[in-house]
């Protein structure tokens, strides 16, 4: 698929609305080595972009990050690393043995859509909080309402939102061809293509970087050039125990569902000719972390939300994440850990805007549920996932509901004293299975 350089560059920053807040939080709270993380995630971006040929994202493992900063005391860098390595080992095993591919084939589509919908709405809800309220990432909570004016005020965030809507619309893609007798439509399509060719997300992100230095000019004096020294972590048996029980156990089901199943299904929706293999994606997550975690790099995965965000802002090939990887590598090698000073001043309202578009794009993948039964399963799965803050719980409820509905419609026949053959099948479902 041909795509312009500007669109790929714009799409490259589409997943930074989730990447930056989590990386910043782990750096400030758990003393994550930012330089090492940037260098390793850059190498992951370069590799996956060239191997998968789609804008495959490299995202933080969100459950591990949440546990790391919410536990008292906070998880250490070594415990975070063991949590990531343990999760990676499970995913590598599932992918290498083919069990992940089997699960992917058997999993009902409405359940997958429910997981995607819940994840997308969760991103959108977080994005609205980023836009409306000031954030204390160290305490993992919203604080005071955001002021209208200021370099990180509501005016800046809403102006960025309006800018992205004008130049990217709803994410529709317009046909370049048109009949000669339909000149108004062709002129309108041409105008929309011109607007869509502008790297809107990249411009908004660069605006945020400029505002970092305007908000705190002392950043210039705090920048130190060169990467930090990369070395093996010192890991104890207790680190493995804490990392596995507190970090890996809640992360594994989320990684299976969102980092493999959901991202593969979304890749088929967005790129029908390039649907990803669940086994390869699972192995990819395993290899990345089994290599990088030993050096203190942040545990990462492939998230459906990141793919949706990059696609939403123009990414159509693996080159978008290759460009992102080059950018991360330069920053990690040149600025090292001092880059955290810049990230700490990045306007959170702008991050919220980028995250909002990514969340909505992911949630819209569920719009192909055409029957009431499918929609019912999807919405119950999404609702349980959101209210229970657990994709695993939503998944289990979705599977049970799906099986119960199928069992209800099955035909049973048998004979017993005093009973004639009978059928359990809902005629109501047959009449109302389609949405009017």
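From the backbone N, Cα and C atoms, a Cβ is placed for every residue, glycine too.
Bear in mind that TrEMBL entries carry predicted annotations, made automatically and left uncurated.
What you see is a predicted model, and the numbers here were worked out from it, not measured in a lab.
According to TrEMBL, the feature transmembrane segment maps to residues 194-214, out of the candidate ranges 194-214, 215-235, 236-256. Counting residues 6+ beyond its ends, the transmembrane segment (194-214) has Cβ neighbours under 8 Å at 4, 6-7, 9-14, 16, 151-152, 156, 160, 163-164, 166-169, 173-174, 220, 313-314, 342-343, 345-347, 350-351, 353-354, 357 in the same chain. Counted over residue pairs separated by six or more positions, the transmembrane segment (148-167) shares at least 3 Cβ pairs under 8 angstroms with the transmembrane segment (346-364), which defines the two as touching. Between the transmembrane segment (321-340) and the stretches 12-32, 79-104, 346-364, 376-405, it is 12-32 that has the most C-beta pairs under 8 angstroms. Residues 13-18, 20-21, 116-117, 119-131, 134-135, 146, 151-154, 156-157, 160-161, 164, 168, 171, 201, 204-205, 207-209, 211-212, 215, 266, 304-306, 308-309, 311-313 of the same chain sit 6 or more residues outside the transmembrane segment (346-364) yet have a Cβ under 8 Å from a Cβ within it.
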